[in-house]
Amino acid sequence: MSTPVTTVMPDRDPLWSRLRAQLRNLAPFATLIALVALFSSLSPSFATWGNLANILQQVSITAIIAVGLTFVILCAEIDLSVASVANATGILLAFLTVQDASVNIANLPLPGGLSIPLALAGCLMLGAVTAFGVTRIGIPSFIMTLAMLQIGNGIGALLVRGQIAYTVPDLVTTLGSGSIGPVPWIVVVASTVLLTGHLVLTYTRFGRYVYMVGGNREAAEHSGVGVRAIIGAAMLISAACSGLAGMLGVAYFGSAQQNQFDNYLLDAISAVVVGGTSLFGGQGGIGNTIIGLLVLGVLNNGLDHVRMDSFLKILIRGLVLLLALVINVYAQRLRSHARAAG
Amino acid sequence: MDDTAARDTGRRGLLQAAATVPLLGGIGIAPAALAAEMGRSAKPLRAAFSNAGLQATWCAQGKSAAEYWGKLFNVDVTWFDGELNATRQRGAIDNMASQRWDFVAIQAFGIGTLAAPVRKMIDAGIPVIDLDTLIAPLDQLNVHSFLAPDNEFMGASVTEALMQAIRGEGTIIMTQGALGHTGAQGRARGFESVVKRYPKVEVLDTTPGDWDVTKVARIWDTHLTKYPKISAAYFHNDDMALAAYNVMRAKGRTDIKIGGCDAMPPALQAVLDGRMHATVRNPSCRIHGGAIMAGVAAVVAGEKTGEGGIPKHVITDGPVVTKDNAHGMAWMQKQFLI
């Protein structure tokens with residue numbers, strides 16, 4: 001009588017355990033497949049090569065920001081300043097570039113592409129201030145980056161004073177709005193940043209420390225990991241990614257103005273979390289972020305290809321994101337139960 | 001030839017009638033009759049529209065107007081919401097540009113942010129009608145036409161109404177929209193051009209409210225504490241004016257003459273019950289409905305931009321609204337005429 005129990009369970013358990021362990025990764029991927037299938041069946045203009053390029057281009061700026069944010073979230077911290085640092089860096093870049101005579105901004109134009117390293121230095125400085133506040137003063141990252149969000153917005157406002165600047169250096173214009181054949185440069189840059197982020201997280205000691213700090217900070221400390229240095233470095237990486245995204249974003253959108261990138265904060269956080277990276281740190285990675293980016297990109301794009309009430313689109317977007325987050329939390333719970341069980 | 005010319009003249013005549021004044025109701029032209037005369041398309045046309053964001057009542061009213069006029073002209077209107085967000089609208093316009101349309105009409109939320117996908121549609125031969133705010137300077141982007149009010153005129157005319165109300169003497173505050181917005185810049189120029197003609201009027205403050213009613217309430221809390229005597233206040237839109245009125249009422253300062261801009265239904269009610277002294281109509285229905293007419297004329301009759309066709313820039317002004325004409329304005333808005 002007891003034989004079936006002892007013979008069947010060992011066969012079912014490993015598969016179920018494996019699926020359960022992978023639910024965090026599988027669920028966003030299944031969501032993506034479902035969305036692609038749904039929109040492809042509803043609109044003939046959705047599943048085309050041109051539209052694929054469109055989606056990739058639309059998620060590129062979010063992708064660059066999300067790479068930095070993935071490092072921060074893996075450390076079980078948060079960075080609410082990503083969009084405003086991106087905005088401030090883009091505005092700083094335009095402020096240091098020669099503008100057309102019609103632009104009414106008292107800027108400081110510099111020769112050649114000198115504005116690029118200076119703008120990058122600017123965003124790194126903001127990142128360094130955040131890192132100092134979080135790791136040395138001990139301000140929680142939520143509060144520290146909230147302050148930095150205001151500072152970034154303030155810098156942007158101060159530089160352009162409500163006006164709009166249009167010109168950035170040629171190199172940035174090419175990378176932000178040019179193409180190599182049919183492939184937009186901004187997609188190439190975003191792919192490179194994603195790949196670099198993945199390699200660093202997967203194959204370097206620093207990457208492993210990031211997971212350790214997020215997974216169990218106390219254990220990491222006892223193991224001799226410089227927790228504060230790792231968190232500080234993650235904040236700097238986040239600022240650098242935001243700055244790069246801000247510069248390319250100004251070229252992509254064709255103008256630099258206040259509060260231009262505000263929605264990238266929630267978009268980037270959504271991409272990281274919807275993809276399956278845990279908000280509590282230690283689990284996830286760039287692969288998850290890529291899936292999250294594509295889920296958001298396909299959802300935003302697909303809704304514009306389907307005939308429906310404009311007011312309904314926003315609600316549907318919210319409901320799909322909610323569903324993805326519920327699955328994320330459920331997966332986390334299953335995993336915790338599995339760990340507790342043995 | 002003669003027949004065509006006669007038809008074209010008739011159509012143009014009606015277009016001019018539609019674009020000049022709120023005359024349609026007054027001269028008894030029913031929208032359905034106008035549609036038939038204008039050359040309603042035999043086959044359904046596909047048009048894509050986007051404005052700054054449907055959260056704004058002005059934009060939502062424009063959507064209703066475009067859909068109403070679209071039905072009359074056999075145009076199937078697909079909406080791409082700008083969500084009051086430059087990057088979201090850019091994504092929506094990118095998606096719009098990846099599809100095929102007979103014509104499109106766009107009000108940009110962020111100036112300069114939509115140029116690339118709009119250029120792509122223009123290059124594909126799609127007539128693009130620019131609504132209310134410049135997508136990019138007209139010499140840089142070959143749009144079919146730009147339908148917009150004269151913001152300087154709007155700012156000046158409502159400020160003049162306020163000056164008359166305070167008899168050219170006292171203090172005034174202007175609460176501006178976002179400084180980078182061309183509409184706000186024009187309204188501010190109009191305000192200044194009038195105020196400088198009244199030496200006995202002192203401008204106390206011009207802090208921008210950025211179209212944000214929460215910020216406006218905060219600013220006006222400070223103004224009312226700081227300035228014991230404020231004769232009049234001009235706001236770059238009605239939503240900000242009504243938000244400030246609530247703060248004034250809470251502090252017992254309802255003696256301030258308030259001027260707004262847009263003349264949306266809640267502001268018309270405020271004018272009628274005396275909360276606001278005046279507002280000026282920014283004719284959402286005329287702009288959005290006019291885009292339908294311009295698009296249909298371009299597709300069905302092959303109307304071109306320039307001499308003999310639609311002007312590159314059509315000024316779509318509305319009148320100052322006081323108690324005298326507020327009821328009529330409300331009726332015309334219900335019929336999507338202005």
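Glycine is treated like the rest: Cβ placed from N, Cα and C.
Curation plays no part in TrEMBL annotations; they are all automatic predictions.
Copied over from TrEMBL:
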- A:26-49: transmembrane segment (TRANSMEM)
- A:55-75: transmembrane segment (TRANSMEM)
- A:82-102: transmembrane segment (TRANSMEM)
- A:114-135: transmembrane segment (TRANSMEM)
- A:142-164: transmembrane segment (TRANSMEM)
- A:184-204: transmembrane segment (TRANSMEM)
- A:225-253: transmembrane segment (TRANSMEM)
- A:273-299: transmembrane segment (TRANSMEM)
- A:311-331: transmembrane segment (TRANSMEM)
| said: With a cut-off of 8 Å between Cβ atoms, can you find at least three pairs linking the transmembrane segment (A:142-164) to the transmembrane segment (A:82-102)? Only pairs 6 or more residues apart in sequence count. | reply: yes
| query | Excluding the flanking five residues on each side, which residues at least 6 beyond the ends of the transmembrane segment (A:225-253) place their CB within less than 8 Å of a CB in that stretch? | reply | 60-62, 64-65, 67-69, 71-72, 74-75, 77, 79, 81-83, 85-91, 93-94, 116, 119-120, 122-124, 126-128, 130-132, 134-136, 141, 168, 172-177, 186, 189, 193, 206, 209-210, 212-213, 217, 260-261, 264
| field | Intrachain residues whose Cβ lies under 8 Å of the transmembrane segment (A:273-299), provided they are six or more past its termini | value | 24-25, 27-29, 31-32, 35-36, 39, 55-56, 58-59, 62-63, 66-67, 70, 73-78, 194, 197-198, 201-202, 211-216, 267, 317, 320-321, 324-325, 328, 331-332
| message | Could you check whether the transmembrane segment (A:114-135) packs against the transmembrane segment (A:184-204) - three or more CB pairs closer than 8 Å, residues at least 6 apart in sequence? | response | no
| query | Are the transmembrane segment (A:26-49) and the transmembrane segment (A:55-75) near each other by the rule of at least 3 C-beta pairs under 8 angstroms (pairs 6 or more apart)? | reply | no
